[in-house]
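Reviewing the structure listed below.
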Amino acid sequence: MAVQRTFSIIKPDAVAKNVIGKITTRFEEAGLKIVASKIKQLSKAEAEGFYAEHSARGFFGDLVAFMTSGPVVVQVLEGENAIALNRELMGATNPKEAAAGTIRADFAESIDANAVHGSDSEAAAAREIAYFFAATEVTTR
């Protein structure tokens, strides 16, 4: 099993609920290390650029509006099979379908306000990390 890096966003709904620490604890207790982190308010341009692959889909405008509705926490997580592990911790995109004990089952409201985002592949992780972090901002622990 390889050590990987993955990208995570704690979305505005979870930040507003003040559960950043609870979510971060889940990452760490599962063996993931946080090697970069920032709290930021996304601009419309940043959100549109990050989610550009969805620009032709009907939900794009609502997604951008939601992601700019409040601050987010962007993070780089590192660990054995970090991408798959993070996706397992998050649970299904729709919190109603998420397994009990997953982040989305415990903290998300809806398929739109679903608490967290995580990279779905190594290519996506590399792109998403580079979108928010310079190489000098990502450490090794």
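Keep in mind that glycine also has a Cβ here, set from the backbone N, Cα and C atoms.
A coil conformation is recorded for LYS11 (ATP binding site) in the three-state DSSP classification, outside any helix or strand. Note: LYS11 (ATP binding site) has non-local neighbours PHE66, MET67, VAL72, ALA113, ASN114, ALA115, VAL116, HIS117, i.e. same-chain residues 6+ apart with C-beta under 8 A of its own C-beta. Annotated ATP binding site per Swiss-Prot: LYS11, PHE59, ARG87, THR93, ARG104, ASN114, in sequence order.
According to Swiss-Prot, the feature active site, pros-phosphohistidine intermediate maps to HIS117, an assignment based on sequence analysis. Look at HIS117 (active site, pros-phosphohistidine intermediate): DSSP puts it in a strand. Counting every protein chain shown, the number of other Cβ atoms lying within 10 Å of the Cβ of HIS117 (active site, pros-phosphohistidine intermediate) is 20.
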Next on the checklist: What's the number of neighbouring CB atoms sitting within 10 A of the CB on ASN114 (ATP binding site)?
Outcome noted: 23
Checklist entry - Max Cα distance spanning LYS11, PHE59, ARG87, THR93, ARG104, ASN114 (ATP binders), Å? => result 22
